[in-house]
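Lifted from TrEMBL, the feature list:
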| type | residues | note |
| --- | --- | --- |
| BINDING | K138, Q201, G232, D263, K407 | UTP binding site |
| BINDING | H233 | substrate binding site |
Amino acid sequence: MPSGIRPIDVLLERAGVRGHQRAPSDSKEFHEVTKRDALRLLEHDVDRLLETTEKARQPALKAEMGRFADLFGRFIQEEGPALDWNKIQKLPENAVMNYSNLKAPKNEQNEIRNMLDKLVVIKLNGGLGTSMGCHGPKSVIPVRSDLTFLDLTVQQIEHLNKTYDANVPLVLMNSFNTDEDTEKIVRKYKGFRVQIHTFNQSCFPRISREHYLPVAKDFEIEKDMESWYPPGHGDFYDTFRNSGLLKKFIEEGREYCFLSNIDNLGATVDLNILNKLVGEERATTPVEFVMEVTDKTRADVKGGTLIQMENKLRLLEIAQVPPEHVDDFKSVKTFKFFNTNNIWANLAAIDRVLRERTLNMEIIVNNKTLENGTRVIQLETAVGAAMKCFDGAIGINVPRSRFLPVKKSSDLLLVMSNLYTLKNGSLVMSPQRMFPTTPLVKLGENHFSKVKEFLGRFANIPDIIELDHLTVSGDVTFGRGVSLRGTVIIIANHGDRIDIPAGAILENKIVSGNMRILDH
């Protein structure tokens, strides 16, 4: 696009609005007209897309595209950062509860079963394993003893159901990227004591940064996957309701859902939190929304945090922060907590905010470049951003053990190691570990980022019970029975290779240069 021409000008040109017809470009009326035109053109393009699909699918797709048009309409109305930094208030003392102050339920089978029968577990299962070099849904990557994220989740819930004679259902929110594969995989759990339900989040068209119109030519999504995207986990509320599952669970007498990312291995059902919501510790004024937060460290400075604004507790993401306040946002002293994305929400309250149309989540604008070089934007929302729409929302400051995400191979090293033992699908930190924090692990992107490559560099996973910090860079392999303790830094320069020999004990060591171990 020639410099000096804005996307909105291109839209007006396409709409047949010539320059001499416009009011001066700095007038408010002009901007309102251009915004209306942008939305009208987008809706026209979406209608054209809908005409390319079979009649039977059109009503459902029309409703979905209506939600997309609403999101786009909000996007073009927003000007500048959505947040006035000066309106942030000090967090009230009771805004964030300390997990250690929660009371465990009485260890009575009936009591706990009654609590569990009011619960639904929901896992966000829309992501692919591509960033870790794997095909298909991320949830089917083996993470421990050949068990996948999904296997571990099913084991956890089956153990609860068997132990307390309960019936906690598992719900998977899939995306168009993961739905087909997931449907095949869940069949293997047929004999397990877990009811598994699935539903799909929305599928929205990516829009060009040049002209703000969909880049898709038709609704044949499978033929042009790059032109479509799942619009973030904030889409959960609408699609959960539209699936019919929200109504079903409310009619069954269920009261809360516990929602988390499927790759967070620390996000297990917590009976102490559940006791606060539906047990004997239930507050007289209902807590409609709980966000689990944990203490922020320097590794978490980009994570969302909790703030008080306009007398409501709400999530603040780094994308909403004015540039001049980014350092304040990252400060561990100013903002002590960050969001784990473990959410507990009242089902009747979800139904209410949807019926009353009071659900309002900040828009996240995600810029992407397609393989053919086309620059696009995708508009997303985050599930935690709905917090301000609920009454009696609180944060609970949970132990770090409830936040154990596996995003990179460095995370995989931790969860596969002797730092944890596996108990009924849950990872439990070894009692041999002297302190509860996990080691800081950094593995070089070029040699360790893909799971297959990562596994090929370890004869077996080293003993890291006493490890504080590990950095590995370059072409490095590890023999069997290696032990890493304290701070260990291993750097193989370009063209060099380091083979850590079997049985080696490295404690507070820096290893660099070239060290080859050859078979003979």
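Note that the numbers count up from 1, one per residue, in the order the chain is shown.
Yeah, the Cβs are placed from backbone N, Cα and C, and that goes for glycine too.
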Length of the line joining the Cα atoms of K407 (UTP binding site) and the residue listed as 'substrate binding site', in Å
17
Given the binding-site residues H233, K407, which one's Cβ is surrounded by the fewest other Cβ atoms within 10 Å?
K407
Here the 10 Å Cβ neighbour count for Q201 (UTP binding site) comes out at 25
Rounded to the nearest Å, what's the C-alpha distance separating H233 (substrate binding site) and Q201 (UTP binding site)? Just drop the number here, would you?
8
Neighbourhood of G232 (UTP binding site) by C-beta distance under 8 A, where only residues 6 or more apart in the same chain count
I364, E380, T381, A382, V383
Which value in Å gives the longest Cα to Cα span across the UTP site residues K138, Q201, G232, D263, K407 as recorded?
21
Quick one: give me the count of other CB atoms within 10 A of the CB of D263 (UTP binding site).
22
